[in-house]
Amino acid sequence: MKRYHIIFKGRVQGVGFRFQVKILADRIGLTGSVRNLYDQSVEVYIQGNDNQLLRFFKGLENINFAIIESKNIFEVPLDEAETSFEIVY
């Protein structure tokens, strides 16, 4: 199991990006969260096994309407208490 903290920049707010990330994460069985940041970027915490995470990153290529210009990915400690993937408002 691994957990990543990811910051997405580009056209990622106002285009349904958070909702699509949640659908993708739920479909794969990942846990974590997604939220908009004040600088127009989107923050994601995502946790799962290597295969699930690979499927998540490949699935990002098929997200509609968003334009991901960059993503900064950091491995962070696991959250053993986390049980679902949530959109944070």
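In case you wondered, yes, glycine gets a Cβ from its N, Cα and C as well.
The domain 'Acylphosphatase-like' annotation in TrEMBL covers 3-89. Taken together, the residues in the domain 'Acylphosphatase-like' (3-89) have a mean pLDDT of 98 on the 0 to 100 scale.
If you draw a 10 Å sphere around the CB of Arg18 (active site), it holds 21 other CB atoms from the protein chains shown. The active site feature in TrEMBL is assigned to Arg18 (among others).
All protein chains considered, the CB of Asn36 (active site) has 17 other CB atoms within 10 Å. Following the DSSP three-state reduction, the secondary structure of Asn36 (active site) is strand. Here TrEMBL flags Asn36 (among others) as active site.
Secondary structure at Arg18 (active site), taken from DSSP and collapsed to helix, strand or coil, is helix. Arg18 (active site) sits 8 Å from Asn36 (active site), taking the C-alpha atoms as the reference points.
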